[in-house]
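The active site, proton donor feature in Swiss-Prot is assigned to 264; the stated evidence is sequence analysis. Taken from Swiss-Prot, the feature Zn(2+) binding site covers 78, 237, 241.
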């Protein structure tokens, strides 16, 4: 049986919020079986819980933001990506601010945090969503789609006519039956254009944004002194984002996802379209260790 997983112990990290620029304390806690991933605004009284579910997604302008009434938690996608990549099914995530810290702009610090906490298997079967029929959402020349597939595969294409992008890969495809999320995906940082950051600052946003937590591009070049971590870092970050957004289904996927110039909004619309098309998917479980159709097949050692 492929079992559910949770962090082994409580662990904390601090960072700055991308938009507020304020210090954020994040606490990762173990959770019982079938809890799912639950965010908790512990700076509020009473504490407000927001499940990591596509149904709670509100704003998708610059990141994925979860809403529960007037309470929100923004920039959840990188942490969710790390949780998905390490196969964590159940966890409480306490934050004392309305956004998850941006860290270095990738999911790698969250992967390190989870690995440091350790991972424990739980006595319940892990649930998967298997894609049975193609589902597609498109708008203004952009699209996202699910396709049936025996494992988990993500293909993404960006399309920037820009000197920095023209000489680098703008399409990548990862089949996670043979790809390591930790080694090949989680280190890809978020990116943006200097002109956009200047506009955001004028709107009192991105106050925590810097060259320490994003790749910044001007009209001709990458401004970060150390450059890119690898040549396909731009488009690979879009895969990282998609893995986090798709984990808002509340289960790991068995199927293929394709994104073409898409972002958080289309990703969420695809999840909503999938869930109302009940003939296009099914829940499934695995009672054998011989087949691990998950985001990250190289599961880290766990303790029961």
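The backbone N, Cα and C atoms fix where each Cβ goes, glycine too.
Shown on the structure are the features that Swiss-Prot records.
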residue	record	Cβ contacts under 8 Å, 6 or more apart
78	Zn(2+) binding site	100, 102, 103, 105, 106, 107, 110, 190, 240, 241, 244
237	Zn(2+) binding site	106, 188, 189, 190, 191
264	active site, proton donor	60, 63, 64, 77, 241, 245
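Residues 77, 81, 105, 106, 107, 188, 189, 190, 238, 239, 240, 244 surround the recorded Zn(2+) site, their Cβ atoms falling within 8 Å of the Cβ centroid of 78, 237, 241, which are themselves excluded.
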